[in-house]
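Contents: one structure, followed by commentary.
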Amino acid sequence: MASALSCSASDLIPLLSGGANATAAAAAAEFICGRFETVSGKFTDAAYAIDNTYLLFSAYLVFSMQLGFAMLCAGSVRAKNTMNIMLTNVIDAAAGGLFYYLFGFAFAYGSPSNGFIGRHFFGLHDFPKPSFDYPYFLYQWTFAIAAAGITSGSIAERTQFVAYLIYSSFLTGLVYPIVSHWFWSSDGWASPARSDNLLFQSGVIDFAGSGVVHMVGGIAGLWGALIEGPRIGRFAPGGKAATLRGHSATLVVLGTFLLWFGWYGFNPGSFATIFKSYGSAPGDSFYGQWSAVGRTAVTTTLAGCTAALTTLFGKRLMDGYWNVTDVCNGLLGGFAAITGGCAVVEPWAAVICGFVAAWVLMGFNKLADKLRFDDPLEAAQLHGGCGAWGIIFTGLFADKTYVSEIYGGDPKRPYGLLMGGGGRLLAAHVVQILVITGWVSVTMGTLFFVLHKLKLLRIPSEDEIAGMDPTSHGGLAYRYTEDEIKNGIISRGIDLDNDQERVGRV
């Protein structure tokens with residue numbers, strides 16, 4: 001927020017007296033300063049309103065990503081599971097809203113607190129404060145449900161609905177908030193906003209959440225998919241991978257563009273304010289946080305575009321065809337990677353980020369097939385793998401000027417290793433990868449294992465073959481004619497895109 005203007009009557013009196021009555025000059029000075037303070041107060045109020053409006057608009061953009069997740073997930077699963085995956089996306093937002101209100105925001109940002117977990121604002125009690133207003137809560141809630149939405153894609157098409165309810169509430173109410181407290185709260189032990197005792201004298205620069213959001217959601221999905229095992233028919237007895245294609249590339253593309261649109265609230269919106277001056281830029285052009293917001297949108301765009309094109313040609317070389325679904329996932333992988341460093345890197349570095357992210361995703365997908373790991377939306381590979389690369393990338397390419405502008409403090413603060421800033425920031429980021437992996441593995445891995453042992457995780461095999469829509473949700477998402485049914489379009493709930501005979505034998 002812009003700082004308040006000030007006026008001193010004692011400084012004005014000598015200018016106004018000029019040999020005239022000193023009493024009159026003093027009265028005039030007091031009058032002028034009084035009007036000046038009124039204008040200053042209005043200016044401060046206007047700046048506060050502009051910043052909060054910007055944050056609210058960003059929250060609305062990020063919330064629109066829920067529709068993107070829903071469309072992407074729906075298009076990536078088979079038609080017989082469409083209603084199920086759509087309902088889980090609604091539940092992520094609804095359950096996440098309630099549990100983040102009751103516990104999550106307090107664990108993440110309740111201050112004063114210790115370095116591990118927040119202790120105030122449960123149920124938004126004693127809220128708002130000068131440092132936090134309602135738009136900030138809404139914005140952070142949209143991030144929490146984004147992490148839960150990532151996880152739902154990894155365990156699609158074979159998970160009991162009650163398991164979705166349990167894991168989504170647990171993730172948004174406890175697991176994700178504690179991670180965000182570590183790296184984003186001013187009290188967090190690894191936060192770059194701490195006033196002292198910074199981790200490796202720098203803290204972790206994860207600006208919009210390559211680790212906090214994407215790695216958390218991706219690692220949680222990894223454990224869910226590992227404990228459940230692959231879908232029926234995903235791998236042949238000899239271990240060869242079989243493609244269980246989603247039923248609508250149209251929905252995949254629609255979801256991808258909605259996510260792309262929402263990312264302009266996710267990354268640039270993470271500044272939380274826009275009405276802030278940085279002074280004079282090189283060349284004496286006046287600029288401020290609004291310029292950094294624009295640059296962040298540009299780096300986000302370039303990383304996604306580069307990753308999409310790299311995936312397009314990479315998959316053409318490896319598989320021999322142009323695949324729109326692969327390109328969409330590559331695009332999202334570039335976005336997930338740039339999210340952590342979007343505000344502190346140059347546009348040319350964002351191109352490098354997207355290029356490497358595409359190969360990280362393709363490499364992890366090859367590894368997943370070899371290890372018989374089944375993730376219908378490639379969420380663990382995309383968000384977990386590309387998110388981890390994004391954390392490393394920031395430790396390598398963070399620019400000194402941008403780090404100083406956004407995080408302030410010591411001008412000798414560490415920045416990217418390849419930009420001449422030493423290895424301290426990179427070391428802090430390696431620690432971030434390790435602690436997020438460990439924390440999410442202990443919490444979400446344990447939860448999924450307990451659900452598995454209680455037989456609350458995976459649906460029965462006959463329900464999986466028939467589809468979750470007819471067995472759990474009252475019918476299919478689409479209406480079919482009698483001729484289509486007779487011709488086997490939905491024979492026994494299995495789509496023609498899949499090998500019906502093989503699934504029947506299984």
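Every residue, even glycine, has its Cβ placed from backbone N, Cα and C.
TrEMBL does not curate its annotations; it predicts them automatically.
TrEMBL lists 54-478 with the feature domain 'Ammonium transporter AmtB-like'. The transmembrane segment feature in TrEMBL is assigned to 52-74, 86-109, 136-155, 162-184, 204-227, 248-266, 286-309, 321-341, 426-451.
If you look at the transmembrane segment (248-266) against the transmembrane segment (86-109), you find fewer than three C-beta pairs under 8 angstroms, all six or more positions apart, and that falls short of contact.
Below 8 A, the CB atoms of the transmembrane segment (162-184) and the transmembrane segment (86-109) form 3+ pairs separated by six or more positions in the chain. When the stretches 52-74, 86-109, 136-155, 204-227, 321-341 are ranked by Cβ pairs under 8 Å to the transmembrane segment (426-451), first place goes to 204-227. Listed by sequence, the residues of this chain that lie at least six past the ends of the transmembrane segment (204-227) yet keep a Cβ under 8 A from its Cβ atoms are 143, 146-155, 159, 167, 171, 175-176, 179-180, 183-184, 190-192, 266-267, 270, 296, 336-344, 373-375, 379-388, 390-391, 394, 398, 403, 406-407, 425, 428-429, 431-433, 436-437, 440-441, 444-445, 448-449, 452, 457. Counting residues 6+ beyond its ends, the transmembrane segment (321-341) has Cβ neighbours under 8 Å at 72, 76, 205-211, 213-214, 246, 249, 252-253, 255-256, 259-260, 263, 266-267, 299-300, 303-308, 310-312, 314-315, 349-350, 353-354, 356-358, 360-362, 377-378, 382-383, 385-387, 389-391, 393-394, 397-398 in the same chain. Proximity of distant same-chain residues to the transmembrane segment (86-109), defined by a Cβ-Cβ separation under 8 Å and at least 6 residues beyond the stretch ends, is recorded for 63, 66, 69-70, 73-74, 117-124, 132, 136-137, 140-141, 144-145, 148-149, 152, 156, 161, 164-165, 168-169, 172-174, 176-178, 180-181, 184-185, 473, 477.
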